[in-house]
Amino acid sequence: MKPFISVAPPSGLLLVLMCCPLLGWVQSASSNKASDNGHPHLGDSDPERCMRHHFVETITHPIYKCNSKMVLLARCEGHCSHTTRSDPLISFSSVLKQPFKSTCSCCRPHTSKLKAVRLRCSGGTRITATYRYILACNCEECS
């Protein structure tokens, strides 16, 4: 995206205004991605590791005529350990319902917070949509 205004204030810093402020915010947030433990840029050796990725979604109500809103969301994406394992289980019963214990890790939300967006609908009513905003991702045991 190309900036349309560049201003050099007296401090010598360059201020760039983007065409789409929300997209500029996403790009800024994406450059501050959290790693597995929530700290930015620690262990950046693997760009495909489990981490938080930002994206913009438009929220609309499926039934009522409401004004839609664009919101910043996050998802956990990437790989964890390449190793999965299945260990045999020892039993003192003649019937083994589950003869193996398998372990693997999945990229999942570690911490999140509840957020809400209010939509203005026809007739002056307001409807609130809620969602979980992911703060950090982690590799956890798959279920």
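For all residues, glycine too, the Cβ spot is worked out from N, Cα and C.
Just so you know, TrEMBL annotations are computer predictions that nobody has curated.
Summarising the annotation, TrEMBL assigns domain 'CTCK' to 50-143. Annotation comment: TrEMBL describes 1-28 as signal peptide.
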DSSP composition of the domain 'CTCK' (50-143), residue counts helix/strand/coil, works out to 3 helix, 61 strand, 30 coil
When pLDDT is averaged across the domain 'CTCK' (50-143), the result is 89
